[in-house]
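Summarising the annotation, TrEMBL assigns Mn(2+) binding site to B:His101, B:His103, B:Glu108, B:His148. If you look up TrEMBL, you'll see B:His103, B:Glu108 marked as oxalate binding site. Residues or ranges marked as disulfide bond by TrEMBL: B:Cys24-B:Cys39. For B:53-200, the entry in TrEMBL reads domain 'Cupin type-1'. Summarising the annotation, TrEMBL assigns signal peptide to B:1-18.
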6 protein chains.
Amino acid sequence: MILSILFIFSLIFSFSNAAVQDFCVGDLGLPDSPAGYLCKKPAAVTVNDFVFSGLGVAGNTSTLIKAAVTPAFAAQFPGVNGLGISMARLDLAPDGVVPMHTHPGASEVLIVIQGSICAGFISSSDNKVYFKSLNKGDIMVFPQGLLHFQINAGKGPALAFVSFSSPVPGLQILDFALFANDLPSEIIEKVTFLDDAQVKKLKGVLGGTN
Amino acid sequence: MILSILFIFSLIFSFSNAAVQDFCVGDLGLPDSPAGYLCKKPAAVTVNDFVFSGLGVAGNTSTLIKAAVTPAFAAQFPGVNGLGISMARLDLAPDGVVPMHTHPGASEVLIVIQGSICAGFISSSDNKVYFKSLNKGDIMVFPQGLLHFQINAGKGPALAFVSFSSPVPGLQILDFALFANDLPSEIIEKVTFLDDAQVKKLKGVLGGTN
Amino acid sequence: MILSILFIFSLIFSFSNAAVQDFCVGDLGLPDSPAGYLCKKPAAVTVNDFVFSGLGVAGNTSTLIKAAVTPAFAAQFPGVNGLGISMARLDLAPDGVVPMHTHPGASEVLIVIQGSICAGFISSSDNKVYFKSLNKGDIMVFPQGLLHFQINAGKGPALAFVSFSSPVPGLQILDFALFANDLPSEIIEKVTFLDDAQVKKLKGVLGGTN
Amino acid sequence: MILSILFIFSLIFSFSNAAVQDFCVGDLGLPDSPAGYLCKKPAAVTVNDFVFSGLGVAGNTSTLIKAAVTPAFAAQFPGVNGLGISMARLDLAPDGVVPMHTHPGASEVLIVIQGSICAGFISSSDNKVYFKSLNKGDIMVFPQGLLHFQINAGKGPALAFVSFSSPVPGLQILDFALFANDLPSEIIEKVTFLDDAQVKKLKGVLGGTN
Amino acid sequence: MILSILFIFSLIFSFSNAAVQDFCVGDLGLPDSPAGYLCKKPAAVTVNDFVFSGLGVAGNTSTLIKAAVTPAFAAQFPGVNGLGISMARLDLAPDGVVPMHTHPGASEVLIVIQGSICAGFISSSDNKVYFKSLNKGDIMVFPQGLLHFQINAGKGPALAFVSFSSPVPGLQILDFALFANDLPSEIIEKVTFLDDAQVKKLKGVLGGTN
Amino acid sequence: MILSILFIFSLIFSFSNAAVQDFCVGDLGLPDSPAGYLCKKPAAVTVNDFVFSGLGVAGNTSTLIKAAVTPAFAAQFPGVNGLGISMARLDLAPDGVVPMHTHPGASEVLIVIQGSICAGFISSSDNKVYFKSLNKGDIMVFPQGLLHFQINAGKGPALAFVSFSSPVPGLQILDFALFANDLPSEIIEKVTFLDDAQVKKLKGVLGGTN
C-alpha cells in the first residue's frame, strides 16, 4: 500500500522536469531584469535565503540627522525578490529626522515600535499635507511616490519598521537628490526657486559640486 | 510677484476638474470591485484614514491556540485600499501557535518584536519545508499562497508584525477550512486521507457539521 | 509596382534590429526570472514550440488515489511561458480523487469531458464550502489560492481538462505538503491539531520522516 | 474545550467587518470598471455562480461558416470576473472554419476534444505563420492579440475548448470588423488594398453599409 | 446566402448579453476605483470620447515660471481611462521652466516639437543626474517617480508633448508640495535642512501658511 | 559638521551593495525575458541611453502607401525597456495611408503635429467604427489590440507622433500578416472569405508565396 501511493506520487508529475516557481531568490551576480533579479538555482536555496537578521541591529544615529534607515530590499535580502514586498528599519534618536523623501516604486506602511513619531505625506493633486503624531503600535500608510517624512516626536529614541509593496521600492531623499551630486547650482536654482546662497550652503554640507 | 505666481499656479491645471488619484481610501458601503473597494470622496478624506491604531493592542491569547491574529487589511484599515500593502499583528502566549494557513492573495514578511518564533513554509514544487527559529529583529518572508505556520519557540510571550503584498491578502486557516463548515465528513476523508474518527473529533472541536 | 511596395515594407522598420516580442518561448536551460523563463531565440522557434501533445494520453490511474494529474505548465510546455495561461489533464478512474490542494499562483477553470465529477472549493473569508456535481460540458471556476478538490462522482471513468491563469500556477497537495517531507511530527501536530497516530500513519503512507 | 476554541475562532477576526476578497462574482447590473464588473454581494453568492453549463451544448453549425463559437466570458459567466481566466467552445462541422480573428485582451490555449483541426497564428514582428494540424488531445497556444484561425481538418465534426488569460478576452473577427458595419468602402479599400468589387461583395454578404 | 451568414453572425454570440470590454470611458460622476473611473455605458460612447482637442491650444506662459503644463489625464480626457496611457502639453516661453517634479504613478516620454529644452532626472540609487539639451525631434524618457525638470534652452519659445504610462500619472511639483500648503515652517526646515528665511520667502511667494 | 553628515550619508545604506532599480536600460545582446530585455549594468548607463534622436528625421514616404512608421520601441530605444511606454513617428505624404493594423500589446495615443489625419478604430464587441478627422493638436486614443488606421485627410503632408502603453507594443499590419508570407492561398481564402483572384493579386504585390 505504501509503495503504490509513493508510486503515484512520482507519477503525478511525470512530465515535470523543472517544476513550478514558488519563489525566485535573487542571484545578485547575474544580470537584472525589469521584473527583478534572475533566480538562484532552486537546489541551492536554503531557509537562510528567506531569513534576514540585518534589521535586528540599530542603525548608527550618532549623526547630524540623528536617524538611520536600514533597508532589507532585494539587494540586501534576495529572498524577497519577485515577491512584491520588502522592509526597512528606522532608528530615530531624540530630535532625529528622516528627511523628506519618496519611494518611486512602492507604497509604504510604518509601524511604531518605540517612542513617538510625527509622520506625514503630501498629496500631488492639491498639495494637501496629511500628518500626525503616531504612538507605539500605530500604523500609517504612505501612498506610492509621494513626498513624506518622519520626525522623532518624543523625548527618547524612537524605533519603527516600514514595509513596502515592492522588493525594489527605491528611496529618493530630497536633499541628496538636489545637493549631493554635480547638478549645476544655476539649474537647481531655476527649477527649485531656491536662493543661490541656500543652494551653495547645502551643496557644501552634502558634498555637491558645480 | 506673489499674485502672478499664484495666478500661474491656478493656470497650470486649468483643465483639471477632478485631478489625479494619489490614493483611494475604501468606502466599505459601496460595492466592491476586482481591484478593491471603490474610493471615498477625496474631500472627505483626512489623515485619520491613513492611520490605524488597532495593532497597538494585544489580541486575546487566553485561548486554546494561545495566539491571536489581528488584521489591518483593507476591510479594517480602508486607507490601504488599492495601495498593494497591508499588515497584521501576531500575539503568541507561551506555547501559542498560529496554525497552518495560507494567504491566497499575497506574500508575507514577518518581523519578530519580542520573544522567539519558529516559523516555516512548505514549497509546492517538491514539498520541501523551510523553517527556522527566529529571534528579536529577524525577518522572514513567506512566498504567496504557500502553507506556513508560526509557533512560539521561547518561554515568554512572543510578538510579531507581518506585512502583506496586497491590501486583501486573505487568510485560509487549514483546520477551519476543513473542519469548521458543513463539508460532509465522507468527502473530507476522501480528499485528505484522514481517518473518520480524526475528522469527527476535529469537527466537534471546531464546530463543523455533517 | 511590386518592387516599390516591397521596398516600403523594408523601410517601414528601418530602425528595427530586434523587433517586438510577440511571445517568449521558455529556454529551460537559462536562469529563471520572476516573470518566467528567459526566451528562446526567436530564430529557433517553430510551430512545435506552441503545440503540446502530452495531454492526449491518459495519466496512470492504477494507483491508490485512482487519479492522475498531467500538467502542461511552462516547465512541460515552454510555449506558454510569459503568456499568462497553462493547462493540465485530470483522469479519474471510478472512485478516483484529486486530493485537497491549492494553486498558489493562479485561478483555475475546469471542464468535464467525460463522466461526472464532484468538485468544490472553500472560501477563506468564512470557510464556506462551494461544491457541486458537474456533468459533461459543465465548467467550474476555482478562485486563486483556495483549497479545492475533485472526486469522481460517477460509476465510470471521468476526464476533465483544467486551465490556469498563469503559466506557473503551482500545485500544493495538502497531504504531500504535510506528510511527504521531514517536517517533525511534533510540529505538524501543533499546527494542524491532528493526533499523533494520524500524523504518523500518513507519514508512513506518504514517505515522510521525523 | 470546544467552547474555548470556538471563542478564539470568533476573536481572531474581531476587527473584521467585511473580510477579505476571495472572489468577485460580477453584478452585470452595476457599472463596469477598468478591472471588471463590480462584485455581487458575497451573501448572495452560491455555488451556481461558479458553475456554467452553457458550454455543454453544441453551437449551431448549420451555417455558411459551418462553425460556432460559444463564449463563457465574464458577461456570460460572471463567476470568472476578476479571476484572470475564461473559456469558450468551438464547434466545427465538416468544412467548418473559425475565421481569422484576434483576442485583443488575452492569450488563448486550445484543446482538441474531437476530430482534427488546422490552427495557426501570424507573428507581428516578421509576419511568420505558425500553423499545424492538431489531433485529439493536442493543445496549442495563441499569443495575445495576434491574428489566428481554426479550420476543421478532418472529415467529421470537430470540437475544441479554448481558454483565455482574461475574463474579458474580446473577439475581433476580421471580416465582421471590416465588412459588417458602416465604414465607407472607400476607406476600407484605402487601408486594406482590397478591390472595390471585393469589398462590396463582402459588405453585401455580411450586412455592411456605405 | 446573405441571410444565412447574418443568421450565423447573431448566433455566434448567442449567450452574450453585455459583450466584452474594449474600453472603459470614464464616467466622472460615479465613484472612482483603484483601477480608475467606472465606465460610461457603452451605448452612450461616441468617437468624441476618444478625441481630445485641449492640447492644441498653447498654455498661458505669461507668468513667473514662463511655462505651462496642460494635462490630458483621465480627469480631462476620460477616453484614456483604464488604457494605461495619457498625455500633456508643455509650453515654455524664453527662460521658461517646468520646476522640479515627480509623477508618482507613471514613467514619461517627452518629444520636442519646437525649440530646444534642457531636461534631466535624478536617480534614487546614487543621486546621479542624467541631463541633456534636447532639440526638435529628440525624445527622452523619465523613469517612474524620479525627480525631473525641463528648462527652455533656446532663445525662442519651446513646445513639447509628453506621454505617460498611466491615465493617472499624478504630478507633484516640489515647490508647491513644500511651500503651497499649511505644513509648519518648523517641520519643513527640519526635513529639508532649508533655512528659515528661505522657507518663509517661498511660502510667501507660493501662498503657504504656518 | 560637513564631515558628520557625509558620514551619515554613507551609513544610511550601509547594507546596500547593489541599490535599487530606478530603470533597466535593455541590453539587446543578452537573452530576452517575458518582462523585457535584461538590464545593462548601471555603471555603463549614461544620459544618452535615455535620449533617442531617430524620430527627428522624417521616414521615407516616396512609396506606394506614401507613409512611413518609424518606431522607438525597446528594440530601437533600449532606455524605455521595463518602463511601460514607447513612441513612434508617422509621416504621411498627400494620399498617404497607414494601413489597417493592430498593436497586440498596447493602447496608443496619437497627436497630430502637422496637417490633418482621418483616424479610426473598430470595436470588437459590436464591430462599431469610431473614426474622425483630426487636426493639428488633436489627440486620439486607440484601445489595446483593436484594428485601426490613419489616412492623410489634407492636401499637404501630415505628421503625427504616437505613444504606446508598453515598450514592446507590437505592430501587426493586416495586409502583411495576410499576404506577405507563405500561408497557402487556399487557407487565406477560407478564413477571410476573400476571392482567390484578390488573394493572389495582393500576394503578388506584397511578396507572399503559396
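Using N, Cα and C of the backbone, Cβ positions are placed for all residues, glycine too.
Shown here: features listed in TrEMBL, placed on the structure.
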residue  : record              : DSSP class
B:Cys24  : disulfide bond      : coil
B:Cys39  : disulfide bond      : strand
B:His101 : Mn(2+) binding site : strand
B:Glu108 : Mn(2+) binding site : strand
B:His148 : Mn(2+) binding site : strand
Using a Cβ cut-off of under 8 Å to chain E, which of the recorded positions B:Cys24, B:Cys39, B:His101 qualify?
B:Cys24, B:Cys39
For B:Glu108 (Mn(2+) binding site), just count the other CB atoms lying within 10 A of its CB, please.
28
Nearest of the binding-site residues (B:His101, B:His103, B:His148) to B:Cys39 (disulfide bond), judged by Cα-Cα distance:
B:His103
Can you tell me how far the Cα of B:His101 (Mn(2+) binding site) sits from the Cα of B:Cys24 (disulfide bond), in Å?
29
Report, as a single number, how many Cβ atoms besides its own are within 10 Å of the Cβ of B:His103 (Mn(2+) binding site).
27
Protein Cβ atoms within 10 Å of B:His101 (Mn(2+) binding site), excluding its own:
21
Roughly how many angstrom lie between the C-alpha atoms of B:Cys24 (disulfide bond) and B:His103 (Mn(2+) binding site)?
23
Among all protein chains shown, how many Cβ atoms are found within 10 Å of the Cβ of B:Cys24 (disulfide bond), not counting that one?
29
Note the Cβ centroid of B:His101, B:His103, B:Glu108, B:His148, the recorded Mn(2+) site, then list each other residue of that chain whose Cβ lies within 8 Å of it, in sequence.
B:Thr102, B:Phe121, B:Phe142, B:Leu146, B:Leu147, B:Pro169, B:Leu171
In sequence order, which same-chain residues at least six apart have a C-beta under 8 angstroms from B:His148 (Mn(2+) binding site)?
B:Met100, B:His101, B:Thr102, B:Glu108, B:Ala119, B:Gly120, B:Phe121, B:Ile122, B:Phe142
Among all protein chains shown, how many Cβ atoms are found within 10 Å of the Cβ of B:Cys39 (disulfide bond), not counting that one?
23
Looking at the domain 'Cupin type-1' (B:53-200) alone, can you tell me the average pLDDT?
97
